[in-house]
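Participant: Quick one: the structure is below, and I'll ask about it shortly.
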Amino acid sequence: MPSVRVGVIGVTGGVGRTLVKQLQAQAPWLASRGVNFEISSVANSKKMAFQVPSTDRLDWSSLLQQGEPLDTQSFLDSMKPRDSDQHCLVFDCSASEAVAQLYLGALHSGIHVITPNKRLTSAPLEYCKAVQQAQWHCPNGSPRPHGQAKRVLYEAAVGAGLPIITTLQDLLSSGDEVQSIQGILSGTLSHLFNSYGPGQSFARLVQDARAQGYTEPDPRDDLCGMDVARKVLTLARECGVAMELGDVQVESLIPADMPAEMSSEEFLTSFSQYDSVMQHRLEQAAAANRVLRYVGCVDIPNRTCSVALQEFPQDHPFAQLSGTDNIVSFHTRRYSPQPLTIRGPGAGLEVTAAGVFGDFLRLLRSLGYAV
Ligand SMILES: NC(=O)C1=CN([C@@H]2O[C@H](COP(=O)(O)OP(=O)(O)OC[C@H]3O[C@@H](n4cnc5c(N)ncnc54)[C@H](OP(=O)(O)O)[C@@H]3O)[C@@H](O)[C@H]2O)C=CC1
Ligand SMILES: N[C@@H](CC=O)C(=O)O
């Protein structure tokens with residue numbers, strides 16, 4: 001019997017397939033620590049499969065082509081623990097709201113959830129709280145027995161592999177008080193503004209970011225600011241601020257007159273017609289010897305969150321980033337006047353999958369494994 005049964009939603013996507021490769025590469029080490037896992041169910045947006053051969057040379061798309069049409073409830077049912085000693089875990093590597101809506105049922109069925117999907121922590125607050133509660137409480141409201149928690153972990157939803165959520169949770173749980181959080185929280189937008197220069201096509205840079213695996217499945221989610229809005233909302237809620245996604249003030253980088261009814265491919269082609277709009281903003285900033293950066297802010301005392309394109313002087317830490325770097329500063333009672341700052345690549349398949357893997361290790365530790 002494997003000690004951990006694993007299901008992967010989004011196995012044909014960039015993060016899903018990279019995560020599985022990382023898990024397979026580390027399988028001998030995990031086995032040496034007593035963790036034998038089995039990937040028993042996989043799915044993408046159309047199909048699911050329950051007979052997964054145990055080889056590390058699988059073509060997930062071909063396997064799924066021969067699978068059954070996706071029925072997410074049946075997928076979760078297949079993942080239910082067969083007895084109380086079995087640990088079952090679903091990795092949700094989609095960006096689907098519908099999948100995030102299933103987490104509550106998954107926890108109630110005894111299945112742990114690990115995800116880089118932001119659709120849980122930016123869902124309506126009531127649902128988000130219900131899922132958090134379900135980790136520690138049975139469906140009838142009674143506390144789960146000691147050692148029987150069913151966890152939902154989402155470190156990679158903010159900053160990919162950077163330890164942002166766990167750091168914030170540790171600050172708060174150890175009694176610190178967060179006053180504000182400020183940062184560059186999009187790997188895509190960081191990459192764009194770190195590389196963007198006079199005469200360059202902004203739309204071409206977006207296409208490049210997509211090809212590198214940095215963007216959301218639909219890059220408009222990055223450009224309209226909602227990806228960053230979801231991240232700042234996640235951080236604000238960790239601090240106890242009861243806000244909804246609609247309360248975040250968002251500056252979109254998508255021109256208002258662009259039609260919404262387009263495929264992401266059509267959007268990327270049409271977006272180049274608007275290159276002069278961003279070039280103008282760049283010229284304005286450069287005239288004042290400043291750079292453009294897309295920044296998210298959480299103001300705890302005032303209970304506000306905002307995300308916007310701002311200008312910064314050349315010597316500001318936000319102007320010193322490169323590649324997909326994220327940077328986030330926690331201004332707290334203990335970390336004052338100097339904030340606690342975390343910086344590093346904040347998008348990309350390997351680092352994101354590594355962030356999800358980190359949550360897997362945290363879960364295994366909480367289950368008593370020496371990993
Ligand atoms: N890329 C990055 O750098 C980072 C990504 N993330 C998050 O990781 C997640 C995955 O991103 P990424 O791998 O880049 O995205 P991809 O578009 O490459 O992959 C998404 C996967 O999810 C599947 N999927 C979509 N909708 C559903 C659904 N309703 N039910 C089941 N499966 C579904 C897709 O299936 P199909 O192949 O059929 O379309 C695909 O396999 C997203 O939530 C993203 O926000 C977080 C941090 C960084
Ligand atoms: N599209 C996102 C991926 C990580 O969350 C980004 O660019 O930051």
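Residue positions begin at 1 at the first shown residue.
Keep in mind that glycine also has a Cβ here, set from the backbone N, Cα and C atoms.
A quick note: this is a predicted structure, and the numbers were derived from the prediction, not measured.
So TrEMBL lists the following for this protein:
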BINDING   Gly10, Val11, Thr12, Gly13, Gly14, Val15, Gly16  NADP(+) binding site
DOMAIN    13-133  domain 'Aspartate/homoserine dehydrogenase NAD-binding'
BINDING   Lys118  NADPH binding site
DOMAIN    163-361  domain 'Homoserine dehydrogenase catalytic'
BINDING   Glu216  L-homoserine binding site
ACT_SITE  Lys231  active site, proton donor
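For the listed features, I'd like the structural context: burial, neighbours, distances.
Facilitator: In this view, Gly16 (NADP(+) binding site) is surrounded by 25 other Cβ atoms within 10 Å of its Cβ, with every protein chain counted.
Confidence across the domain 'Aspartate/homoserine dehydrogenase NAD-binding' (13-133), taken as the mean pLDDT and rounded to a whole number, stands at 94.
Classification of Lys118 (NADPH binding site) by DSSP places it in coil, neither helical nor stranded. Counting every protein chain shown, 26 other Cβ atoms lie within 10 Å of the Cβ of Lys118 (NADPH binding site).
In sequence order, Ala95, Thr188, Asp222, Asp227 are the residues of the chain that are 6 or more apart from Glu216 (L-homoserine binding site) and have a CB within less than 8 Å of its CB.
Around Lys231 (active site, proton donor), a 10 Å sphere centred on its CB holds 29 further CB atoms from the protein chains shown. Taken residue by residue with DSSP, Lys231 (active site, proton donor) is part of a helix.
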Participant: If H, G and I count as helix, E and B as strand, and all else as coil, what does DSSP give for Gly13 (NADP(+) binding site)?
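Facilitator: The residue in question, Gly13 (NADP(+) binding site), is coil (DSSP, three-state).
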Participant: Beyond the listed site residues Gly10, Val11, Thr12, Gly13, Gly14, Val15, Gly16, identify every same-chain residue whose Cβ lies within 8 Å of the center of their Cβ atoms for the NADP(+) site.
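Facilitator: Here the non-site neighbours turn out to be Val8, Arg17, Thr18, Leu19, Asn44, Trp60, Cys93, Ser94.
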Participant: Determine the Cβ neighbour count for Val15 (NADP(+) binding site): the number of other Cβ atoms within 10 Å of its Cβ.
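Facilitator: For Val15 (NADP(+) binding site), the count of other Cβ atoms within 10 Å is 27.
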Participant: List the binding-site residues Gly13, Val15, Lys118, Glu216 whose Cβ sits under 6 Å from any atom of ligand 2, in sequence order.
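Facilitator: Only Glu216 meet the Cβ criterion.
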Participant: For Gly13 (NADP(+) binding site), list the number of other Cβ atoms lying within 10 Å of its Cβ atom.
Facilitator: 20
Participant: Could you round the CA separation between Gly16 (NADP(+) binding site) and Lys118 (NADPH binding site) to a whole angstrom and send it over?
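Facilitator: Answer for this pair: 15 Å between alpha carbons.
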